[in-house]
Amino acid sequence: MNVSVNIEHVTKEYRIYRNNKERLKDVIVPFHKNKTFYALNDLSLTAYEGDVIGLVGINGSGKSTLSNMIGGSLSPTEGDIKRDGDVSVIAINAGLNGQLTGIENIEFKMLCMGFTRKQIKKLTPEIIEFSELGEFIYQPVKKYSSGMRAKLGFSINITTNPDILVIDEALSVGDQTFAQKCLDKIFEYKEQGKTIFFVSHNMKQVREFCTKIAWIEAGKLKQFGELDDVLPEYEKFLNDFKKRSKGEQKKFRNDLDSSRFVVK
């Protein structure tokens, strides 16, 4: 089985500045130390053709950072990501321009993805039909609801037939019927042997479509393996976490995040 995505020791750091003075010092003072946040820390995993990998973890764990890196919109501070094939990222608002109409966004986004105008003209009716936006396709996207934006973004990306698909909470908004249609399309891609990364807090969807689970906690890969090996462990953790008081949940998050801040 061929490797489609190989992630090796990936780290993503963000320098934290309290004011512009600290930012300036970081530029002009050699070896100036400042607080640094590790969004991801030494994370490695390999995805093969046909893998549908669920990226799970509580909010702020690093799932979206990882999905953006796989998609290529973020670069790692350290480490390397190799991709074998075209990647398409589906996230709410991803790549959409609020000033443009829906149909203008289709052309703009597909031009950015390397499609010719002839290809775009051919695919546009299919995208509009899948989106179910009707006459709203001619309205500015800034007037769309979050569900409508998700429909447009999903329809563009799913119709371009990528080799690797990254879905980041794009099915968490919008109506249930459209979400099911999207899941049916994802299942088609799964049957075709495409590689899919699926970020969701909906454990029912994760269990139904994923073959493997990557559990991310505090920017690190806590567990990675087959669905039936990892998901029950994560669901047990999640149930225990939800039983805690808001204060206990906040303390748990703060304790995790404290390990992600260093001065360097």
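In case you wondered, yes, glycine gets a Cβ from its N, Cα and C as well.
Some features that Swiss-Prot has for this protein:
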BINDING   Gly57, Ile58, Asn59, Gly60, Ser61, Gly62, Lys63, Ser64  ATP binding site
DOMAIN    22-243  domain 'ABC transporter'
Applying the rule Cβ within 8 Å of the centroid of the Cβ atoms of Gly57, Ile58, Asn59, Gly60, Ser61, Gly62, Lys63, Ser64, what extra residues of the same chain belong around the ATP site?
Ile216
Using a 10 Å radius around each Cβ and all protein chains in view, which of these binding-site residues has the most neighbours: Asn59, Ser61, Ser64?
Ser61
Across all protein chains in the structure, which of the binding-site residues Ile58, Lys63 has the highest Cβ count within 10 Å?
Lys63
Mean pLDDT, the domain 'ABC transporter' (22-243)?
91
Including all protein chains displayed, how many Cβ atoms other than that of Gly62 (ATP binding site) lie within 10 Å of its Cβ?
23
For the binding-site residues Gly57, Gly60, which Cβ has the most other Cβ atoms within 10 Å, all shown protein chains included?
Gly57
